[in-house]
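Feature annotations, reproduced from TrEMBL:
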DOMAIN    B:101-290  domain 'ABC transmembrane type-1'
TRANSMEM  B:38-59  transmembrane segment
TRANSMEM  B:105-128  transmembrane segment
TRANSMEM  B:140-158  transmembrane segment
TRANSMEM  B:164-183  transmembrane segment
TRANSMEM  B:222-247  transmembrane segment
TRANSMEM  B:267-290  transmembrane segment
Amino acid sequence: MLSYAIRRLMIAIPTLFIVITVAFFMMRIAPGGPFDQERALPPEIEKNIKAAYDLDKPLIEQYTIYIGKILRGDFGPSIKIRDFSVAELIMAGAPASMQLGLSAIFLALIFGVGFGTYAALRQNSTVDFVVMGVAMVGIAIPNFVMAPLLSLVFGLYLSILPTAGWGDGGIEYKILPIIALALPQIAYIARLTRGSMVEVLHSNYIRTARAKGLREKLVVNRHAIKGALLPVVSYLGPATAAVMTGSVVIETIFGVPGIGTYFVKAALNRDYPLVMGVVIVYAVMIIFLNFLVDTVYGLLDPKLKSR
Amino acid sequence: MMNKDQKTAMLQAAGAPGEIEGRSLWRDARIRLFRNKAAVGSMIILAIITLMAIFAPLLSPFAYDQIDWGYIQEGPNWENGHILGTDGNGRDIFIRILYGARVSLAVGLLATAVSLVIGVTYGAVAGYFGGRIDNIMMRFVDVLYSLPFMFFVIMLMVVFGRNIFLIFVALGAVEWLTMARIVRGQTLSLRRREFIEAAHATGVSNFKIIFRHIIPNVLGPVIVYMTLTIPQVILTESFLSFLGLGVQEPLTSWGVLISEGAKVIEAATWMLIYPAIFLALTLFCFNFIGDGLRDALDPKDR
């Protein structure tokens, strides 16, 4: 088990390294330096400015300085939003994004596993087809279509929730973004759970459990669910990545003051440090989470545990 | 060896109606595919959408960037010719959807082609050589796999500017990972087979073995996965265009149209609904065809 975790860590560390390296070199080859202006600066001033930002040093040295700064959580100042550092902006956006993201994943797990199990237990019945059909639609309709539709129906036609905005951060502003984020994941997890549950229910150890006369409820809750949830656990990493990606669009649509909104604005304004900062922070979070999920998976899967 | 006429004559003498044609695996698969109603229906719908996209200028009296000052942001109306309404600039939605289809489908096909070339070559090489080379190459894929790719594509767009060719390349460069994994797995199981060993023994070069003998034999799963990659690419392109990072005005794509529609959803629902229908329909069709192909090419999986 320990060797398994160490092996996963051996993947996680180079990944992080690649991310930071790619970000660094992308920033260097980007056209237009941060101090390019209409009017050329006097050479001495330009020299001073470059020295202040270490731009006069050789590339390799800049690179090591950059890595050092990132390890300390310093992503430099934002170019377009004056007087704010990238780290401050990310921290400002984090609470809203975290709340939405975590709630969406939580919701997706509960409903996804619930619907999936329910459909699997009634395999090939009408209920099964309906649930899977709805799930298929949920996957095919992209979230940037779903979100405006939700806001149209619940915000405008029914007028029970605000169409967009964050207000004072009250719960009514969070419901629609969370649902819009969670829906595709609910659909995906439901399909995943159903598939693995059907497979598990046909396996030998379930037949044994039934043969020794256990009640169906016990068979499902104690024996089947454990095996059937393994694929769902390993999907948690990609699910988080998908929710993060989705949050970029959802936050923009609903006007949530989160990391995603800052990211889109930065991307449109060519605010390089902010874009790189967000990419690195998100990559680190996903790499860490993948590592965590892999380790948990190793604990759960008896085939890996024995190794 | 008998020629065809002799065979037929013998068969007829034996009371058989005539030449019995051998059925290749591909032909079997085609028959199974055409029995799948969802897949056939999807192919027809896709063919219609594609034809409409190709012949777009003939289908509407308006040009895609033509402004009709009399009808700014008006709903669908058969009488004035704007059958799906007009947008905030008085441009016809129907023709814009068709031009968007051109971009979306082209991006889908081209980016998938890019991912196909990279993924198949990479996977076949890794699987064929095996051992340490395979280990290193697949570890690299693992590393890339765990990254939030959309953010990298956006980063690329920010750094290099929003260029439509860059979209093709960036999306293709992102989508090849799964393809590489699939091909590598298939190749691993192929490389110890007799026909590969025979090729080896007769002195065929590694390069030729990979491209002449391995790759044609992994085409089945590759085609299935390709059909499933196209909708993913279309979706990703729409996502970028929705954020304003993809295709730029006056060109358009479904993502751009949906984003324009989403902004005025209270006033002009048709601007969101119709492009969204086209996008969702296309994604659906590709998914159904992919499923149909998988069932057709790999019947034991059912």
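Note: Cβ is positioned from N, Cα and C throughout, glycine not excepted.
Curation plays no part in TrEMBL annotations; they are all automatic predictions.
With a threshold of 8 Å between CB atoms, the same-chain residues lying at least 6 positions outside the transmembrane segment (B:222-247) that come near it are 103-105, 107-109, 111-112, 115-116, 120, 150, 153-154, 157-158, 162, 164, 167, 171-172, 174-175, 178-179, 182-183, 253-256, 258-259, 262, 279, 282-283, 286-287, 289-290, 293-294, 297-298.
The stretch in closest packing with the transmembrane segment (B:267-290), judged by the count of Cβ pairs under 8 Å and taken from B:38-59, B:105-128, B:140-158, B:164-183, is B:38-59.
The stretch in closest packing with the transmembrane segment (B:105-128), judged by the count of Cβ pairs under 8 Å and taken from B:38-59, B:140-158, B:164-183, is B:164-183. Counting same-chain residues at least six beyond the ends of the transmembrane segment (B:38-59), those with a Cβ under 8 angstroms from any Cβ of the stretch are 94-95, 98-99, 101-102, 105, 278, 281-282, 284-286, 288-289, 291-293, 296.
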